[in-house]
Each structure stands twice: as structure tokens, then as C-alpha cells.
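Q: Would you mind keeping the following structure in view while I ask a few things?
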Amino acid sequence: MQRTVLKFGGTSVGDLDRIAHVADLVSWRASQGEKLAVIVSAMAGETNKLVGFARGAAGDNLSGPSFDDEYDVVVSSGEQVTSGLLALALRKRGLKARSWLGWQLAMKTSSAHGKARIMGFENSGLLDAVDGGEIAVIAGFQGVTDEGRVSTLGRGGSDTSAVAVAAALGAESCDIYTDVDGVYTTDPRIVPQARRLDKISYEEMLEMASLGAKVLQTRSVELAMNHQVRVRVLSSFAQPGEDNPGTYVCSEDEIVEKQIVNGVTYSRDEAKVTLYGVEDKPGVSARIFSMLADAGVNVDMIVQANARGPERANMVFTCTSADSENAEKLLLNSKADIGFESLSVSRDVAKVSVIGVGMKSHTGVAGTMFDALYRKGINIDVISTSEIKISVLIDAAYTELAVRALHTAFGLDAT
Ligand code: ADP
Ligand code: ASP
Ligand code: MG
């Protein structure tokens, strides 16, 4: 029996006409004999609106245990609406369908409200319903904690809901329908010459997602890789039955033609923190970064330079701009304890990265990258590398220029 999971993002269910179109697509898939679970996001813009409501109601108290659980109750409601609407639209087309909310599945998650991790499903009859030919329309993004409270999976989390359901159902494929027709070499909205990839490896997709390509939530790719779920990204704007190949996210060995660089990404959600005159002795870095980790600050690039003579060094690290306020407060509060002279935070920075599994076996990628940036007069602030990516931190004003220059320099432009 072929079970398939389909997921439709915010723009794809943005109004009743779009939901009717989704119902036509789902109805066509069902007519092909597939047993379907369909995950939906909230209507476009809805989650942002709900986040605003939660913040507005809470006043100054915008994080921590007295905010996070009720934040989840509010922001998860957008998906409840679309799951019911799509179920109704499917019934209108004569199909058997019902909505499922996170607690009904039950999709159990950790208690980390706002960024909960999926732990597993309790037996809820979902499998029987799907195998019995009922289309399960599942509210994405939401789950339930062991304490019985509603949780959410972090922004973009419906992708992760879809992959988790696909893994639990042993689905043949997890089709992520969205407002672009696949994964591109870079964001097609800023580089019109971007090319759609037929296939991309889990490893590369994981790097692309975590470095800013928001087409898939990072955790969804991690989960797909761990459970070997075949994910496909395709257009929700296609007509039912129309050729719509999209992009397969699959194992590296399924990809015959390996490029050195397959993608360029950018993230503007970055902040650079510089600590001046940090005492240069064992244990100081450990103290700084353990403290930040304990506070949930996700540190990315780190550079230490001996610019203050033998006793003192400067230390630079990056984190998301959302985390940077917290990081700044924590560090200033323990200034004497850590032992540094001063601190500055810059939020006008962006991280631009090139990604490709071919880097494992090719040299010269860094040289090509730095040369392309130099030719556009773009200064590189911080550099970090892994086996399959190189990232640089630059002035945010040059983000698009840098992405375009790198896309061209690595021969990715469509002809
Ligand atoms: P959905 O609402 O369907 O979840 P998202 O807005 O989360 O959709 O993700 C789709 C968007 O991701 C596209 O509109 C596109 O602008 C952006 N994007 C960024 N990088 C890429 C990329 N490399 N390939 C495709 N889309 C990308
Ligand atoms: N609606 C949620 C968000 O906007 C989840 C999602 O779209 O995947 O983040
Ligand atoms: Mg998304």
C-alpha cells in the first residue's frame, strides 16, 4: 500500500481560493490510489499576526516559563484553522477527510515551548484512518508535551511535522508543496538566474537550510536524513496532473553528477559580538561559551586574536540577532568574573555561504570565493568552514551583491 505525505505551506493555503486549489491537487493524488496524510501550515501572514498578539498581551514579559507555554497556545491556532478548512474543502469534493490536531495524533514533543522537539507518536488511529482511505489533514507546527500542554516546533516547523508523520507512516515519499517549484542553487527571489536542482543530498540540504535557505526547516532535513525519508520540494501552483518534478532530497550516492559548489545561501539574522581585552589564560573561553550555552544562546562563528599583547586577546563570535541582546546582557553582568575590558555588538552583518559535497575532494574553493568578493570590494569580517561549506560574515548592505557574485563565480547561473 502506497502511503504518501503531502505538506502545504502558508502561501499555498493563503486564502479560500488557494485552499480550493490544494483540495484539487490532493483529490487528484487520491485518485491515483495513494493513501494520504496532508500537513498544513497556517495561512500566509497568520503566524506573524498571532506572534504579535501574544507579545502585545504579555507586555514586557516576552520569554521564559510565564510566557512560552501560552505563546504556543496562541501561535499554534493558525494551523487548526487551515486543517479544518482543507478537510471541509475535501469533503465538498466527495472525499473522506478529517482534521487532526497535534494532541489528537498525539505528536509528543519536549517541553521546550516555542522550539519543541518531536519525541514520537502515541497510537492514535492515524495509520488505520489513512489505510482505510480517509485523508488525514494534520495541523503542522504543533504537538503536545508530556504535561499535556500544546507546544510548537519553531518557525517553519510544519516541514518537520510532515517528515515526522512520513517516518511514522513509513510513507513512500514526503512531498513538500510550496511557492517555488523546487530547491534552487540560491534563493530565486534574489537571483533570477538561480537554477532548480533535480536532486540535492541530505547533507547539502542540511547545510543550506541551517545557513539560511528557508525553503525547508533545518530539523526537517535532519529528521529525513536520520529516517531516510524521501523528501521532494515542488510547486503548489501547478495544476493537478501537470508535470511538476520538483527537487528530490536524497542520499549522496543517488547523485551522479556532483558539483563542487551546489548552492549559495545568506542569512541576515546575524549579530557579531566582540569582546575586547579578554584575559588570555586557560578556562576563559570555556567560561564564556558554557554560560552562553546554558542560557540557550546558539553561538556560530568564533575567532580569537592576540591583538592586545601577550596577556590580552580579542574574541569575536556570532549568534542570531534575536539571541544577541541576551548574550550582551549576560556578558556585561559577568564582566569582572570573565575578565574583559569592553564589548561591542554589531547587527548590520550578514552571513553568506557556499555549499557543496564536491568540496570534500576539491581544493581552491576558498580562493575563488574570496576573490569574487574582493572583486566587488566586499570586505570579509569572519570566516568559518566545514567539510562541505565556507561561510563569511560581511556588511549586511552587500548581501545581495555577494550572493549574486558568488553564484556567478561558481558557474551556477542558468544559461
Ligand atoms: P512555505 O510557506 O511553503 O513553508 P517558505 O517561505 O517557508 O514556504 O519557503 C519557500 C521560500 O524559500 C521561497 O519562496 C524562497 O524565496 C525561499 N528560498 C530561499 N532559498 C531558497 C532556495 N535555495 N531554493 C528555493 N527557495 C528558497
Ligand atoms: N506557520 C508556522 C510559521 O509560520 C509554521 C510553518 O509555516 O511551517 O512558522
Ligand atoms: Mg516554510
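Every residue, even glycine, has its Cβ placed from backbone N, Cα and C.
As listed in TrEMBL for this protein:
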type    : residues                                                                : note
BINDING : LYS7, PHE8, GLY9, GLY10, THR178, ASP179, TYR184, ARG189, LYS214, VAL215 : ATP binding site
BINDING : THR47, GLU79                                                            : substrate binding site
DOMAIN  : 273-357                                                                 : domain 'ACT'
Q: Among LYS7, THR47, THR178, TYR184, LYS214, which binding-site residues lie by ligand 2, judged by Cβ under 6 Å to any atom?
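A: With ligand 2 as the reference and 6 Å as the Cβ limit, the list reads THR47.
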Q: Would you count the other CB atoms within 10 A of the CB of TYR184 (ATP binding site), including those on all shown protein chains?
A: 26
Q: In Å, how large is the greatest distance between any two Cα atoms among LYS7, PHE8, GLY9, GLY10, THR178, ASP179, TYR184, ARG189, LYS214, VAL215, the listed binders of ATP?
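A: It comes out at 21 Å between the most distant Cα atoms.
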Q: For THR47 (substrate binding site), write down the residues of its own chain that are at least 6 apart in sequence and whose Cβ falls under 8 Å from its Cβ; none is a fine answer.
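A: Looking at Cβ-Cβ distances below 8 Å from THR47 (substrate binding site), excluding near sequence neighbours, one finds GLY10, SER41, VAL75, GLY78, PHE141, ARG155.
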Q: With Cβ-Cβ distance below 8 Å and at least 6 positions apart along the chain, what are the contacts of LYS214 (ATP binding site)? List them in sequence order.
A: GLY156
Q: By a simple count, how many Cβ atoms lie within 10 Å of the Cβ of THR178 (ATP binding site), its own Cβ left out?
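A: So the Cβ neighbour count for THR178 (ATP binding site) comes to 23.
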Q: In angstrom units, rounded to an integer, how far apart are the Cα atoms of GLU79 (substrate binding site) and GLY9 (ATP binding site)?
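A: Answer for this pair: 10 Å between alpha carbons.
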Q: When the domain 'ACT' (273-357) is classified with DSSP, how many of its residues are helical, how many are strand and how many are coil?
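A: Helix, strand, coil within the domain 'ACT' (273-357): 29 helix, 36 strand, 20 coil.
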Q: Using DSSP and three states only, what is TYR184 (ATP binding site)?
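A: It is in a strand.
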Q: Are any of the binding-site residues GLY9, GLU79, TYR184 near ligand 3, with a Cβ under 6 Å from it, and if so which?
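A: Checked binding-site residues vs ligand 3; flagged GLY9.
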Q: Filtering LYS7, GLY9, THR47, GLU79 (binding-site residues) by proximity to ligand 1: which pass a Cβ cutoff of under 6 Å to any of its atoms?
A: GLY9
Q: 10 Å Cβ neighbour count around GLY9 (ATP binding site)?
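A: Summing over all protein chains shown, GLY9 (ATP binding site) has 23 other Cβ atoms within 10 Å.
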Q: So what's the average pLDDT for the domain 'ACT' (273-357)?
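A: Result for the domain 'ACT' (273-357): average pLDDT 91.
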